[in-house]
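Take a look at the structure set out below.
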Amino acid sequence: MCLYICIGANSQTFANTGALVTCVKNFPERRGVVLGLLKGFLGLSGAIITQLYYAIYGNNSKSLILFIGWLPAAISFAFLRTIRIMKVIRQPNELKVFYDFLYISLGLAGFLMIIIIAEESTQFSEAEYVGSSIPVFVFLFLPLAIVIREEYGIWKRKKVHEVNKSPSHLKIETESEKPNAGVVALSPSSSINGVSTSTQLAQKLPTSQNQQEHVSCFKNMFSPPSRGEDYTILQALFSIDMLVLFFSSICGIGGTLTAIDNLGQIGTSLGYPKKSISTFVSLVSIWNYLGRVAAGFVSEILLTKYKLPRPLFLTLILLFSCIGHLLIAVNVPNGLYLASVIIGFSFGAQWPLLFAIISELFGLKYYSTLYNFGGVASPIGLYILNVKVTGHLYDKEAERQLAAAGIVRKAGEELNCNGVDCFKQAFVIITVVTVIGAIVSVILVVRTRKFYGSDIYKKFREEAKAAEMEMASDGSGSELVVVGSDGGHTGREEVDE
């Protein structure tokens, strides 16, 4: 069983990393939006898989393991050649396309919420499960229809461009004080003063990173580059920014995940009916999704328009989650409904913010490794706050109640606790820890304020423009005209790309 869980957990990590990191590298200027969308669909995946399972196998529990064995594997094989790092030419309506994807995911989330509520209130037949899964399939494949529409539009524009294209000219001009400045046409085989043009141009290019003298990763681990440049793994892991971000994430994610993990027991101890407990789980699932997409899209918009540091949103989310923790601690009447919404939203919102901040501060070269390192905050926070704090205090209160009732606990018997005191002390502690995490995250806001105030996506725009020019010039002749100051010669030569 341990081996099965190990393989299953790692397969999820591999699939998640392969899809998410690739998309962030393909769309670096829209990373917040991309992370929000992908993490949002991940939040809905449990509900999606459940609906498909009911439609294919009914309520046959023996088939569940088989289903989760073959479906993810089949999907991975189907899209092996699709998910890859590409030279993406930026389109003017790129953001609109991402918004179309968002609207589809919102429609899917709304439909799933309706179906979940309907399934809890009535008993579905096999035919009804099949019927309810058809809209899920439609919503899942609608993004593909948008992609086909966009690709067709790009193909049509390309055809029109090819009909109307003319030889392109690349002019390189240098200022000269001499009145007899001349124009020299160069080709790859041309030479100036006996030295080939390509050699002279190459000499002026900066030395590439792989040509530089190799330096041990241990020697420069405490000498990181500027924020936004490509850190090595050790430079990132030992940087103050990463330590602050990691500590804040442990506090925030650990607290919200503890609440989600114990939601059933919390509802039972506070006297909520079983039906309500199922509703809490559904609310957490849907608002988890909404938190992911909202954090990705809203933080990206405010970062682009107003240069607000992305860590600031992490601070606000941590403070917002404290409201949910306090609602559980003080047991406001029917407060667990609102607490489920707040905690689900807060838990979901932290993930795209965490991964976007890592990619922006430490570069994309080692993003796959750093992305998964950021995810380690979840099990660490969960172990400390759930096992060591909440679990210990719950058992302590349950034993106190048994002793007060004069009941002797049998060996191996499960402990059950009733009343507000079961989780009160634990969630007060979680609230304090989350506030500390929010205060610590303010350090990162202050440290990165200047960085986020600059144009952090400038280099990605330049790279995209260079890739676009390169792809546009493929297979066509272009004319390279160099305006120099050596005088006396004017000419033009066609340069074959």
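Note: Cβ is positioned from N, Cα and C throughout, glycine not excepted.
Unlike curated records, TrEMBL annotations are generated automatically.
Features reported for this protein in TrEMBL:
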DOMAIN    1-148  domain 'Nodulin-like'
TRANSMEM  34-57  transmembrane segment
TRANSMEM  63-80  transmembrane segment
TRANSMEM  101-118  transmembrane segment
TRANSMEM  130-148  transmembrane segment
TRANSMEM  236-260  transmembrane segment
DOMAIN    240-452  domain 'NFD4 C-terminal'
TRANSMEM  280-303  transmembrane segment
TRANSMEM  312-330  transmembrane segment
TRANSMEM  336-358  transmembrane segment
TRANSMEM  370-387  transmembrane segment
TRANSMEM  426-446  transmembrane segment
REGION    470-497  region 'Disordered'
Handout entry: Same-chain residues at least 6 beyond the ends of the transmembrane segment (63-80) whose Cβ lies under 8 Å from its Cβ atoms
Key = 11, 15, 49, 52-53, 56-57
Fill in the blank from the handout: For the domain 'Nodulin-like' (1-148), the DSSP residue counts stand at 123 helix, 0 strand, 25 coil
Practice task
Report, as numbers and ranges, every residue of the chain located at least six residues beyond the transmembrane segment (426-446) whose Cβ falls under 8 Å of a Cβ in that stretch; write 'none' if there are none.
Solution key: 241, 244-245, 247-252, 254-255, 258-259, 309, 311-312, 314-315, 318-319, 321-322, 325-326, 328-329, 357, 385, 389-390, 393-394
Handout entry: Any contact, the transmembrane segment (312-330) to the transmembrane segment (236-260), with at least 3 Cβ pairs under 8 A
Key = yes
Practice task
Using Cβ atoms only, state whether the transmembrane segment (370-387) and the transmembrane segment (280-303) have three or more pairs under 8 Å that are 6 or more apart in sequence.
Solution key: no
Completion exercise
Confidence over the domain 'NFD4 C-terminal' (240-452), expressed as mean pLDDT on the 0 to 100 scale, is 93
